[in-house]
Amino acid sequence: MAAEKIAVNRETFDNVILPVYAPAQFVPVKGKGSRVWDQQGKEYIDFSGGIAVTALGHCHPALVETLKSQGETLWHTSNVFTNEPALRLATKLIAATFAERVFFANSGSEANETAFKLARYYACKKHSPFKSKIIAFHHGFHGRTLFTVSVGGQPKYSDGFGPKPADIVHVPFNDLAAVKAVIDDHTCAIVVEPIQGEGGVMPATPEFMQGLRALCDEHQALLVLDEVQSGMGRSGKLFAYEHYGITPDILTTAKALGGGFPVSAMLTTHEIAAVMAPGAHGSTYGGNPLACAIAETAVDIINTPEVLNGVAERHQQFVAALSAIGKQYDIFSEVRGKGLLIGAVLKPQHASKARDILHAAAQQGVMILTAGADVMRFAPSLVIEPTDIEEGMARLARAIEQVLAA
Ligand SMILES: *Cc1c(COP(=O)(O)O)cnc(C)c1O
């Protein structure tokens, strides 16, 4: 067969894929739980979780079973027809959260694009077309569409793609005074990650989140929480806003929602949703039966005391191990984060070594992530075995020793 003649190694990547990624030298071919194997059969412990996606590990039996059974039943019908898995999943997300209405999409970017459009649309219909200002934060990350890179707080992701959508203001994260200085009655929304992920694993403080809620209420603006990375159990609660004693007006979730199958959702209230009408927004694949059936199984498993309490226990184990490594090699200035979204910040004298540590870790057999220039990020399966954490940390320590010796 012709397909067998196609080279599928890392070198092929440079010849066939748009050069927007710099993938690792090894090519994973198989995964089970928190272990992954490459083309040479070498085994890795996965602390990266597909960037906070494979929250139940690789090939979780219940997800595989749902994939197979729904795959033999009905994959896609479009939104010209509704479907049973979408209705079940929406009902469960509503029962578990502040929300009363759900919109399904396929990626974090698409859910956020929907959220930002809805915030503008709601302000336009309820107040005035001039109430369009969006307040967002430095180092925030909301996706890769033109609107979402523009709301994101890292100009390197939006520069060169202009003209950019207008009336978006960025201020420092966790700085309530800075928000107060720019918010006004023309503000339609504040957009924030409760835990900045890509920006360096930085949790919002309770005062900040509660202050944002109060400022939104004062100015009739919507509080939009991007929980694409922090949601679905990652923080130890189903959604991170539950840590803060506030409720958002709009929330987006993606990454772990399908445990590795692409699906996302935007949650909101009935009152806000009611400004929309048929034709105002849509998505061909959004809410398709295959994606929603898998996400329903993921929600059923993640939204249980066993899994959520297990996240808190594993957090302790991660933080203890990383603190010990930090101490032994005098390499981390801080270990921060919530649940199983953890950042280990490199000391200034080691700040340039993040990529080297990532590569050395892969050589030693542990997959990790970075977040920003100087933060090592960990976003493993929420059900990773404690013995896998132990072994992965031993491999990470060897990798750090190797980098420091070089
Ligand atoms: C990953 C991420 C996105 C973008 O999600 P995609 O599925 O890549 O479009 C948006 N917001 C946050 C907080 C993310 O971590």
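Positions of Cβ are set from backbone N, Cα and C atoms, glycine also.
Here TrEMBL flags Phe141, Asp226, Glu227, Val228, Gln229, Thr284 as pyridoxal 5'-phosphate binding site. Marked as N(2)-acetyl-L-ornithine binding site by TrEMBL: Arg144, Ser283. Residues or ranges marked as N6-(pyridoxal phosphate)lysine by TrEMBL: Lys255.
In this structure, the CA atom of Phe141 (pyridoxal 5'-phosphate binding site) is 22 Å away from the CA atom of Ser283 (N(2)-acetyl-L-ornithine binding site).
The two recorded residues Ser283 (N(2)-acetyl-L-ornithine binding site) and Glu227 (pyridoxal 5'-phosphate binding site) have their Cα atoms spaced 20 Å from each other. According to DSSP, Asp226 (pyridoxal 5'-phosphate binding site) sits within a strand segment. Neighbour counts were taken as the number of other C-beta atoms within 10 angstroms of each residue's C-beta; across the binding-site residues Asp226, Glu227, the minimum falls on Glu227.
Checking the binding-site residues Asp226, Glu227, Gln229, Ser283 against ligand 1, the ones with a C-beta less than 6 Å from an atom of that molecule are Asp226, Gln229. Here the recorded positions are Arg144, Lys255, and the one ringed by the most other CB atoms within 10 angstroms is Lys255.
Distance noted between the C-alpha atoms of Glu227 (pyridoxal 5'-phosphate binding site) and Lys255 (N6-(pyridoxal phosphate)lysine) is 9 Å. Ranked by Cβ neighbours within 10 A across all protein chains shown, the binding-site residues Gln229, Ser283, Thr284 are led by Gln229. Lys255 (N6-(pyridoxal phosphate)lysine) falls within a helix when secondary structure is assigned with DSSP. Cα spacing between Gln229 (pyridoxal 5'-phosphate binding site) and Arg144 (N(2)-acetyl-L-ornithine binding site): 14 Å, rounded to the nearest whole number.
For Thr284 (pyridoxal 5'-phosphate binding site) paired with Arg144 (N(2)-acetyl-L-ornithine binding site), the C-alpha to C-alpha distance reads 19 Å. Val228 (pyridoxal 5'-phosphate binding site) has a Cβ environment of 26 other Cβ atoms inside 10 Å.
Separating the Cα atoms of Val228 (pyridoxal 5'-phosphate binding site) and Arg144 (N(2)-acetyl-L-ornithine binding site) is a whole-number distance of 13 Å. Over all protein chains present, the Cβ of Phe141 (pyridoxal 5'-phosphate binding site) has 24 other Cβ atoms lying within 10 Å.
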